[in-house]
């Protein structure tokens, strides 16, 4: 039987563990002393109380809330784990399993469709065999504008995905790629790449304009776009 090697390995930094746990223990002891100090105020004789009770109580409650929030943050610090990945150990494309990517959204007026569709396009551009990658988007019974926006994103992805793979771009999200100041020019910096990049950026600007028009209700359909509740489910 052929031996399979792990795709990643976990490493625990013992020095970091000692520092984090020592800090957590000392901080916890300080919090316990603080709680004891606050509680002792309420068990004093009424004649010895010179500070108003209500402000003291409000401060005590706020300190308890902050202490609880701090306690919840210690889970990831108690045993920090670092991972080393080995992408070269991945099997061949024909042996990779099929994966489904589900993207959930709601009302396009509350969740901007431009950002949602950028997520959809990024999922389509994943470095994975296309025949084994399935991307689904659910609008949670929201507006049918999501369906029209998804169609526009699909049309743009037919140009964006080949462009990204042709030049080996690292960034999969078009909005991040065109708005970032960092250079992600892939394997080419020639005139051909610059010309295609300019055309792709123009296509993306057109996509954003069309998505905004769809959400605003300027897209002509037989069903009202802004009707986000009273409409049958749409599956396509």
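Even glycines carry a Cβ here, placed using N, Cα and C.
Among the residue ranges 24-43, 84-103, the one that TrEMBL annotates as transmembrane segment is 24-43. Matching 49-72, 145-168 against TrEMBL, the residues noted as transmembrane segment span 49-72. Of all Cβ atoms in the shown protein chains, 9 besides its own fall within 10 Å of the Cβ of residue 110 (UDP-alpha-D-glucose binding site). Most Cβ neighbours within 10 Å among the binding-site residues 111, 140: this distinction goes to 111. Put simply, the two farthest-apart Cα atoms among 110, 111, 140, the recorded binders of UDP-alpha-D-glucose, are 13 Å from each other.
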